[in-house]
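Everything below concerns the one structure shown next.
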Amino acid sequence: MKRGKQTAEAGVHLELEPCRRMESVKMRAVTAATKREYRRMELVGEEEGEELDEAEWLHRAEAQSQRRRRGQRYAFCCALFASLNGILLGYDVGVMSGCIIYMQKDLHITEFQQEILVGCLSVVSLLGSLSGGRTSDAIGRKWTMGLGAIVFQLGAVIMTFAPSFTVLMIGRLLAGVGIGFGAMVSGVYIAEISPAGARGTLTSLPEICINLGILLGYVSNYAFSGLSEHINWRIMLGVGILPSVFIGFALFVIPESPRWLMMEKRVSEARAVLLQISESEAEVEERLAEIEEAAGLMKSMKSEDKEVWRELLNPSPAVRRMLYAGCGIQLFQQITGIDATVYYSPTIFKDAGIKSDQELLAATVAVGFTKTVFILVAIFLIDKVGRKPLLYVSTIGMTACLFLLGVALTLQKHAMGLMSPRVGIDLAIFAVCGNVAFFSIGMGPICWVLSSEVFPLRLRAQGSALGQVGGRVSSGLVSMSFLSMARAISVAGMFFLFAAISTISVLFVYFCVPETKGKTLEQIEMMFESGDELRGGEIELEDTQHLIPSNDKSVPLG
């Protein structure tokens with residue numbers, strides 16, 4: 001009996017040990033957060049008990065402010081260069097909507113071939129996303145972006161000179177792999193180099209570049225539409241090579257991710273990068289300690305021997321919550337029909353009553369302009385308002401506009417005698433522009449933000465890649481089935497279906513998406529581990545405020 005009792009006690013001890021280790025990690029994270037909040041209330045460089053006159057205090061405060069601004073500018077430049085991959089994806093999406101009109105006439109491709117050509121890019125890009133996670137861990141974040149740009153260039157050149165549909169598909173497949181590499185790793189790189197207070201804004205830059213690329217694609221369609229149908233679509237595609245050239249130059253300007261450098265034990269290089277984006281050396285040391293602790297966490301847990309993919313495919317409750325948020329947002333971004341709206345906007349407007357090819361392409365330019373303008377609105381609000389409020393506005397607005405578009409197309413078909421055809425056309429253009437505007441305010445940029453910040457360091461690259469898989473497959477299925485489904489249930493019916501799915505996305509935001517505004521990546525991980533995603537982390541920081549003494553000379557937060 002005594003031996004059995006000892007065995008039972010030993011078993012309980014073994015079961016409780018991982019929990020105790022986790023609680024210890026959480027306490028260290030809360031303590032680090034408390035110290036960080038305290039340090040931000042005190043002037044960096046002021047030693048305990050040091051007496052400062054007002055002039056010296058103001059001088060140090062101004063120096064700290066200037067260093068903060070320099071760090072923000074440096075981080076912004078790095079994020080902007082890394083975001084150039086988004087222009088490749090956006091341009092390809094936008095330009096293909098016009099190219100396909102002239103490809104049909106030049107190469108005599110069928111409607112089925114048209115769907116395959118348009119939709120295959122999204123599906124094939126997931127190959128780049130999947131391999132991009134492992135590649136970025138092996139050779140680094142920025143060189144993975146460079147590899148993606150090279151593969152895309154090769155595909156774009158093949159498409160430009162393609163003499164047949166088969167060769168066109170080969171180039172399209174290569175371009176898709178290159179886009180998958182860049183799209184996955186750019187978000188990870190930006191999240192890892194950004195300060196916590198600006199991460200939402202900076203991680204949204206790829207979405208800005210995607211929208212800018214779509215607009216440039218639409219403008220290219222309109223600009224070259226007057227040329228011969230044998231060469232105009234080739235020029236449209238060839239122009240897309242230019243952004244990848246700028247990406248090559250950017251690689252010699254931006255540094256490597258400090259978190260990747262720490263994973264490779266290159267501490268001095270990681271410190272040098274953090275010095276460029278941090279307010280003080282004390283903050284650099286603190287962030288290095290946080291990264292090192294996060295990187296070493298998997299060694300102290302029960303799952304230390306599991307491979308990353310095995311952990312993702314057989315997740316713990318915390319990792320499962322991360323997957324719901326990070327991958328679910330990617331899924332809903334696409335199945336609400338944004339790619340169908342962008343790729344097939346000429347088809348939509350033709351169904352609404354527009355006849356001329358040039359007028360169709362002019363209407364798509366208006367869509368691209370609207371999408372680009374409203375993404376800028378999101379950038380200014382995402383770190384002020386927060387993620388969830390913008391997602392609510394976005395999903396509810398998209399639902400309304402998709403339903404309105406379905407109504408407009410239905411009335412245009414069945415109520416021709418009751419209203420002017422121009423009214424139906426204007427209403428359809430308004431609904432499409434409204435849909436892309438609401439998408440750009442929330443679902444578009446925040447998808448990139450969440451999918452790159454909800455996963456811990458050990459899972460970040462592969463977790464983001466897995467989210468990209470869901471998004472790319474969904475995009476491909478929507479793009480490759482839109483014309484066939486529209487023939488079966490009408491174009492209006494397709495948008496009623498998208499409106500129903502968009503309604504479900506509102507519920508997804510409510511139940512599955514946490515608010516991550518202003519939190520470090522390590523705090524977000526602890527929030528998911530606690531199981532209280534909606535309130536975790538913030539409560540801990542609020543509880544530590546009483547530890548911060550009142551000081552008339554303290555530097556205001558922010």
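Placed from the backbone N, Cα and C atoms, the Cβ positions cover glycine too.
Listed features, source TrEMBL:
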{"type": "DOMAIN", "residues": "78-517", "note": "domain 'Major facilitator superfamily (MFS) profile'"}
{"type": "TRANSMEM", "residues": "74-104", "note": "transmembrane segment"}
{"type": "TRANSMEM", "residues": "145-163", "note": "transmembrane segment"}
{"type": "TRANSMEM", "residues": "169-190", "note": "transmembrane segment"}
{"type": "TRANSMEM", "residues": "202-219", "note": "transmembrane segment"}
{"type": "TRANSMEM", "residues": "231-254", "note": "transmembrane segment"}
{"type": "TRANSMEM", "residues": "360-383", "note": "transmembrane segment"}
{"type": "TRANSMEM", "residues": "389-411", "note": "transmembrane segment"}
{"type": "TRANSMEM", "residues": "423-451", "note": "transmembrane segment"}
{"type": "TRANSMEM", "residues": "488-513", "note": "transmembrane segment"}
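Taking the domain 'Major facilitator superfamily (MFS) profile' (78-517) as a whole, pLDDT averages 83 in the prediction. Tallying C-beta pairs under 8 angstroms between the transmembrane segment (74-104) and each of 169-190, 360-383, 389-411, 423-451, 488-513 places 169-190 first.
Taking every recorded stretch in 202-219, 360-383, 389-411, 423-451 and counting its Cβ pairs under 8 Å to the transmembrane segment (488-513), the highest total belongs to 389-411. With respect to Cβ pairs under 8 Å, the transmembrane segment (423-451) is most closely packed against 389-411, considering the stretches 202-219, 360-383, 389-411.
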